[in-house]
Structure formats: structure tokens, C-alpha cells
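**Student:** According to Swiss-Prot:
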{"type": "BINDING", "residues": "Arg47", "note": "NADP(+) binding site"}
{"type": "BINDING", "residues": "Arg124, Ser125, Ser126, Gly286, Lys301, Pro302, Thr303, Ala304, Thr305, Arg327", "note": "FMN binding site"}
Amino acid sequence: MGSSFGHLFRISTFGESHGGGVGVVIDGCPPRLEISEAEIQFELDRRRPGQSKITTPRKEADQCEILSGVVDGKTLDTPIAIVVRNKDQRSQDYSEMQVAYRPSHADATYDAKYGIRAVAGGGRSSARETIGRVAAGAIAKKLLREIAGVEIVGYVKRIKDLEGQIDPETVTLEQVESTIVRCPDEAIAPQMIDLIEAIGREGDSLGGVVECVARRVPRGLGEPVFDKLEADLAKACMSLPATKGFEIGSGFAGTEMTGSEHNDAFYTDEQGQIRTRTNRSGGTQGGISNGENIVIRVAFKPTATIRKEQETVTNSGEATTLAARGRHDPCVLPRAVPMVEAMVALVLCDHLLRQQAQCSWW
């Protein structure tokens, strides 16, 4: 199973949704970076369940514990192990899923591949696996800020057909966190909340889009041809549960433009830096960061596990129906924001270290 990610800044996540706990081991973090459990906890609190009326009611504090790699608040350049204990499992809610597959969930494919699966909570296919990613992402964010001043802000761009109007150049974390749906558009956010609540009462679910911007990313990050920066960002974000699409810059909308309309014209700013007047490229050209803001969008499907009765089959192929009894998000988008931010941070941190290792000699 592919549970590791990265080259120089490398993470390996572990644990199942209803096991003893989940966590991450981080290898390659440089020494003497100041980091605390409180800084990691801040990010984990943004993704934890039970945080609002529009998220899963599963009650988990998701309290992190640093087991190794940090002494007196500073990293040692040794593996950093972080664990979060599971506290609020209700495995009996998954008894029907022992034999019946959830439509559009990983149950059937895990069985087909491995011949065995952790039924309760979905095991490694559960969003609880992302706890390790978000914890590692907190460290990557801190390293990026300290070394290069990079700032990463994600937010909910769209839920179903409700789309917020947000400027990625100016949006702030405070604006994002001012509403439980994490959409900083004050006009559309209440409508999103009402829609999620209504769909949740029906036992159904919703999908949408998270947009994320990384500001002040240094030029030169990315390794053509197969490790292009946008390719690694796409892989990282598409490895998150429930993802179904990825865009950078103009994305698919760029196919409706001509070259002269789409090209980002160069100019030299007052500081003598080469810039672009527009940013349809989304901060990369030729797979390498160009110094402009990196702007990506990630599409998340509606949550597969719903209370509505659905047609399915058992693991022996017999027709049956299934209505889930577990506690699940009616919409993953509000909790997905810190997950997307974490994956962007992990990719940028890894490429920053690779760039310094490869090109800092000259």
C-alpha cells in the first residue's frame, strides 16, 4: 500500500479509522526548526470531526502527541513521529457493511485488491487517515514560512451550484475561518450552510470545490519532466479521499481561450523583478514555479456513505440494499480545506529542499 509521499521531505502515514490511533512519521525535516504541539493542534482542530452543525457528529478531540524528533521545541533532523489516539469509535454502525458494499466507496475495490479490509470506519480509506497529512502539513507550513515567507490559504469555492466570489490574491485565513463552511464570501456562505443542513436532514450528501492559493512561492521549484510542480500538486491533492478533479490557473476554462487571450504577458516591476500581468498559468510555467501566486482547485464528490437506502450487492454478489448508520459528513468541503492546504505545503516544502540541494551550488 502506498502510504509514503515525498522525496527529501518525506512522510509516511499510519493507522485505521477505528484502530488505536492514526499518525505520521516525517523524515527529512531540517534541524532547529521551532515547532510545538500547539501549532500542529491548530491545524488538526480545523479538520477534526464534530466541530460544527454541518460536519460529522463523531466527537474526537484529535489531540496530537509528538513522540520523537523534537526536543525543547526544536526539530533534530531525525524522524518526527506524531500520533493521535482514536476515542469515539462506534464499530457496530458498520455491521451491515461487513458483507454489503457501499456504492461509490472503497469497500469493493479494497476487497478486490487485498481480499481483506478494515470494515469499521473504512480503515485506511477513511478521512481520518488525513490526520497524519495535516499534522505533517503544519510542520511543512512552518518551514515554508521561515525559509521563504510562503503563505498558504485554502477555502471553499463551491458547494453544488453555489459558488463564492473570492479573490485569491487578498483572501486571508481569518476571513476563511470566520464561517463554519469556510467560504469567505459573506453573501453565499449562509446559503451553503442552509443547503448542507437541508441535504443532511434528507440523509444525502453534497460535493464541491476547494480553491487554494500559495503566495510568495520562490521561482524555480519543480523538476521537469515527470516531477513538474503542478503534476506533483495534482498527485498530492488527488490522493485525498473523495477527490475527483484538479485544476491549476485557468484550468479547463483556458481551453475556451485563444493563445493571445491566455498568455500571461511579462513585465519588469519597480524592484526589477520579472512578473506577469495576469496569472492564467496559475504560478507555474513548464512545470516550474514562476514567482506568481500558485492557485489550484480540487473537486470533491458527494460523500459516498449516506443514510438514504441504496441498491448494492454483497461480497458474494447477491443483490441487496444498504442505508448507512454511521456518523458521516453531509459535505466534506469545510473539513477538506486544511487537508488541501497540507498537501500543497508538503509538495512545496519537498520541492524547496530539492531545489536547494540541486541548484544552490552555483
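Cβ atoms are placed via backbone N, Cα and C, with glycine included.
Quick caveat, the model's predicted, so the values are computed rather than measured.
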**Student:** What whole-number Å value do you get for the CA-CA distance of Ser126 (FMN binding site) and Arg47 (NADP(+) binding site)?
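**Tutor:** Rounded to a whole number, the Cα-Cα distance is 13 Å.
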**Student:** State the Cα to Cα distance, in Å, between Lys301 (FMN binding site) and the residue listed as 'NADP(+) binding site', rounded to an integer.
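**Tutor:** The residue listed as 'NADP(+) binding site' has its Cα 18 Å from the Cα of Lys301 (FMN binding site).
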**Student:** Would you find the one among the binding-site residues Arg47, Arg124, Lys301 whose Cβ has the most company, meaning other Cβ atoms within 10 Å?
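**Tutor:** Buried the deepest by this measure is Arg47.
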**Student:** Using a Cβ cut-off under 8 Å and a sequence separation of 6 or more, which residues in the same chain sit near Thr303 (FMN binding site)?
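**Tutor:** In sequence order, the residues whose Cβ lies under 8 Å from that of Thr303 (FMN binding site) (at least 6 apart) are Ser205, Leu206, Gly207, Ala242, His328, Asp329, Pro330, Cys331, Val332.
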